[in-house]
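Features reported for this protein in TrEMBL:
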{"type": "DOMAIN", "residues": "47-326", "note": "domain 'ABC transmembrane type-1'"}
{"type": "DOMAIN", "residues": "361-597", "note": "domain 'ABC transporter'"}
{"type": "REGION", "residues": "1-24", "note": "region 'Disordered'"}
{"type": "TRANSMEM", "residues": "41-63", "note": "transmembrane segment"}
{"type": "TRANSMEM", "residues": "83-104", "note": "transmembrane segment"}
{"type": "TRANSMEM", "residues": "161-178", "note": "transmembrane segment"}
{"type": "TRANSMEM", "residues": "184-202", "note": "transmembrane segment"}
{"type": "TRANSMEM", "residues": "266-288", "note": "transmembrane segment"}
{"type": "TRANSMEM", "residues": "300-324", "note": "transmembrane segment"}
Amino acid sequence: MSGNRRRKSRQDTPAETSGNDAPKAKSLGPLRLLADAARKYPGVVGAALVALIITSAATLAIPSGFRLIIDRGFSGEGDISRWFQYLLLIVVIMAVGTAFRFYFVSWLGERVVADLRVRVNRHLMAMPPAFYEVNSPSEIASRMTADTAIIEQVVSSTVSVALRNLLMAIGGTAYMFYLAPTLSAWLVLAIPCVVLPIIWFGRKVRNLSRASQDRIADVGAMTSEVLSSMQIVQAFNQEDRERDRFRGAVDRSFEAASKRIKVRSVLTFVVMTMIFGAITLLLWKGAIEVTAGNISGGTIAAFVITVGLVAGAFGSLTEVYGSLLRAAGAAQRMGELLDARPTIAAPERPQALPVPPRGQISFQNVTFRYPARPERAALEDFTLIIEPGETVAVVGPSGAGKSTLFQLVERFRDPQAGNVRIDGVDLTRADPADIRDRIALVPQESVLFAATARYNILYGKPEASDEEIWEAARAANAETFLRDLPEGLDTFIGEAGARLSGGQRQRIAIARALLRDAPILLLDEATSALDAESERLVQSALDRLMENRTTLVIAHRLATVRAADRIVVMDEGRIVETGDHDTLSAAGGLYARLARLQFDDPVA
Ligand SMILES: Nc1ncnc2c1ncn2[C@@H]1O[C@H](COP(=O)(O)OP(=O)(O)OP(=O)(O)O)[C@@H](O)[C@H]1O
């Protein structure tokens with residue numbers, strides 16, 4: 001089918017959504033999707049939060065441990081080992097808490113991603129083929145793997161790092177003010193003076209690094225361009241010119257690099273002066289307070305350690321923000337998949353198809369254009385009624401609209417004008433699942449899954465017994481080779497059935513359709529040549545499949561058109577001729593020409 005060809009060509013350009021290159025979202029809003037998913041596990045979320053709070057509290061208790069050791073332990077008051085025992089206890093609590101936090105948070109990350117994958121997949125199953133023309137399967141696959149991996153990483157680690165640091169920053173700041181309010185106030189006032197110049201210079205360095213990388217890339221591009229056009233360079237005696245051009249590019253890249261190095265040196269100076277200067281000033285001020293007897297030595301030690309912890313916490317908060325935005329981007333893309341609504345769905349109160357089924361198909365003045373090619377009608381004012389039990393062979397040049405007929409009968413798409421009916425019921429009024437229950441589809445390329453033969457045949461009727469499977473296999477001339485397989489029906493047939501021959505794959509597809517036992521058969525005959533024996537087996541299996549069914553067949557074999565009750569010749573979305581093989585061949589029109597080419601028919 002032409003649809004398949006289009007899909008393949010798109011798969012050649014895989015989507016590049018991976019790791020650090022994944023686009024970021026503008027805000028953290030899309031992460032709500034993950035919060036909603038996590039809410040299903042309140043116990044685990046609660047346990048993770050408790051572990052998180054305990055570890056943050058334990059970490060913050062460490063400075064207090066030092067304070068006690070210095071103030072009480074070193075002062076000779078009582079037993080110093082008591083304070084070390086206290087510190088050890090804190091360490092153990094912190095370690096146990098961290099292990100639990102890791103377990104619960106990672107579990108949650110894996111669970112949320114697993115649920116998300118299942119949810120997206122369930123949603124994708126409801127999407128009509130048109131959706132997959134806009135969203136290429138390879139891109140969706142990348143969203144299901146790369147994007148979910150980013151989300152998983154974030155939920156299971158970044159979020160917990162962010163929360164822990166947030167708690168530490170808040171708790172640590174409060175503790176700092178508790179320990180030494182005046183010093184803390186000084187510190188808070190000093191922070192902008194330290195941080196702002198660092199941010200300013202940091203940004204400048206980043207921009208200059210980017211510029212320098214661009215210049216290096218120019219050099220690389222020029223090298224490969226010139227070297228691959230060497231014959232032209234030499235044929236036109238332009239070596240000197242190219243040499244100069246290259247030297248220019250290298251000079252520019254050096255200039256960009258030296259600018260970056262200069263600013264970077266200044267940045268180093270600023271960072272060191274600011275940070276160590278601030279620390280020294282702080283210690284100085286602290287020492288004055290200690291000497292004045294306003295605060296103890298232990299307090300000043302605890303204060304400095306806490307400042308370190310708080311600074312570290314703020315530092316990593318700015319780092320994780322980028323990862324969170326990246327995860328939000330991934331969540332947004334998953335959300336887009338989940339938000340897509342199927343254009344083909346059952347109406348609120350679907351009309352039931354009559355029971356027992358008769359198998360009549362009718363196209364009434366159908367006009368259909370593919371959304372991707374609105375300027376060209378794939379079917380135009382197309383009218384055809386296929387009576388129950390009738391076999392109609394559709395013949396026509398490539399692009400005539402033959403496969404489109406199948407798309408409409410399966411209700412993979414709805415026509416823009418006219419209607420398609422099965423047993424008198426307009427398909428847009430019926431439930432697509434009901435419609436498809438009445439149809440067996442045998443596509444041109446046998447679509448088989450990487451599973452066992454049994455799995456593939458059961459696709460036609462999942463609840464079928466072994467007896468029914470073998471009966472279908474027998475009628476499809478597949479019994480003998482299936483019994484010869486090492487594990488019979490339970491043999492793994494390889495990726496897309498690769499461990500079977502072309503004819504065997506076709507017969508499995510036929511067995512599947514036979515098992516379905518539907519009143520309507522849509523058959524797109526395979527064009528690939530089989531050897532005579534295989535061809536005979538497939539043909540007789542198909543004959544059995546067509547028996548007592550309404551069959552619409554896109555015909556590629558002489559035997560099929562000869563056996564058909566009616567041949568419909570299509571061109572550019574319209575019917576141009578109808579009749580049987582002999583009359584149409586004699587008429588000398590499009591059919592006669594196609595028959596000569598396609599069916600290799602000496603009579604025509
Ligand atoms: N998914 C699609 N999106 C856009 N245009 C499409 C799509 N599928 C088919 N077409 C176009 O619609 C027209 C009818 O296509 P259709 O596949 O029905 O032809 P066909 O007779 O089955 O051809 P072939 O024998 O080559 O499979 C063609 O012009 C084709 O290019």
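A Cβ is built for glycine as well, from the same backbone N, Cα and C atoms used for every other residue.
Predicted automatically and left uncurated, TrEMBL annotations should be read as such.
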Remark   = Given 41-63, 83-104, 161-178, 300-324, the one sharing the most C-beta pairs under 8 Å with the transmembrane segment (184-202) is 161-178
Request  = Tell me, please, if the transmembrane segment (300-324) and the transmembrane segment (161-178) are in contact, taking contact as 3+ Cβ pairs under 8 Å between residues separated by 6 or more positions?
outcome  = yes
Folded-back contacts onto the transmembrane segment (83-104), same chain, C-beta under 8 angstroms, at least six residues removed = 44, 47-48, 51-52, 54-55, 58-59, 61-62, 65-66, 68-69, 72-73, 160, 164
Positions whose Cβ lies under 8 angstroms from the transmembrane segment (266-288), at least six residues beyond its ends = 180, 183, 186-187, 190, 193-194, 197-198, 201-202, 204-205, 295, 300, 303-304, 307
Message = Can you work out which residues elsewhere in the same chain, 6+ from the ends of the transmembrane segment (161-178), have a Cβ less than 8 Å from its Cβ atoms?
response = 52-53, 55-57, 59-60, 63-64, 101, 184-185, 187, 303, 306-307, 309-310, 312-314, 316-317, 320-321, 324
Ask   = Do any residues of this chain, six or more beyond the ends of the transmembrane segment (41-63), have a C-beta under 8 angstroms from a C-beta of it, and if so which?
value = 87, 90-91, 93-94, 97-98, 100-101, 104-105, 107-108, 111, 160, 163-164, 167-168, 171-172, 175, 301-303, 305-306, 309
